[in-house]
Amino acid sequence: IGEEQLQEFINFALRYMSTLNLPAKRGTFVEFRTGLINICPVGRSCSQKEREQFAEYDQVHCVREKFIQAITKQFPNLPFKYSIGGQISFDVFPKGWDKTYCLKYLDDYTTIHFFGDKTQPGGNDYEMSQSTRVISHT
């Protein structure tokens, strides 16, 4: 996508986060990483205690799941996939760039074991755990 669409996307995410009332909010809510954008409603600079508080709050209130639904509704035509991972954030990446991407480079292997904790639909390990090329362990 171009810079204009990217800024529109980021601005929406920041506006959405500004409306959330959470147990805590700290800094670094949007982080650009190689191949993906990480969005963290509580902020990546939260303490371990704040991380745990958010994780508990998210389990009850589905903050990240609702956030993804709002983004998907706002930007239905963007070529992005969204995956909840870890305790406090979710990843945004181009469709086709999930964890199964690495399988393109593993043709010489007949047995591949995958270990993941977020193997439910919407989790960042889901696609890999469903691949017929791997033996998945949760």
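Cβ atoms are placed via backbone N, Cα and C, with glycine included.
Predicted, not measured: the structure shown is a model, and the values here were computed from it.
If you check TrEMBL, you get these features:
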- ARG33, ARG44, ARG51, SER89, ASP91: alpha-D-mannose 1-phosphate binding site (BINDING)
- ASP117: Mg(2+) binding site (BINDING)
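Structure with TrEMBL features highlighted.
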residue: ARG33; record: alpha-D-mannose 1-phosphate binding site; CB count, 10 Å: 9
residue: ARG44; record: alpha-D-mannose 1-phosphate binding site; CB count, 10 Å: 16
residue: ARG51; record: alpha-D-mannose 1-phosphate binding site; CB count, 10 Å: 19
residue: SER89; record: alpha-D-mannose 1-phosphate binding site; CB count, 10 Å: 22
residue: ASP91; record: alpha-D-mannose 1-phosphate binding site; CB count, 10 Å: 21
residue: ASP117; record: Mg(2+) binding site; CB count, 10 Å: 12
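The maximum pairwise C-alpha distance among ARG33, ARG44, ARG51, SER89, ASP91, the residues recorded as binding alpha-D-mannose 1-phosphate, is 20 Å. ASP117 (Mg(2+) binding site) is 17 Å away from ARG51 (alpha-D-mannose 1-phosphate binding site) when you measure Cα to Cα. Separating the Cα atoms of ASP91 (alpha-D-mannose 1-phosphate binding site) and ASP117 (Mg(2+) binding site) is a whole-number distance of 15 Å. On the backbone, the CA of the residue listed as 'Mg(2+) binding site' and the CA of ARG33 (alpha-D-mannose 1-phosphate binding site) stand 21 Å apart.
When secondary structure is read from DSSP and collapsed to three states, ARG51 (alpha-D-mannose 1-phosphate binding site) falls in the helix class.
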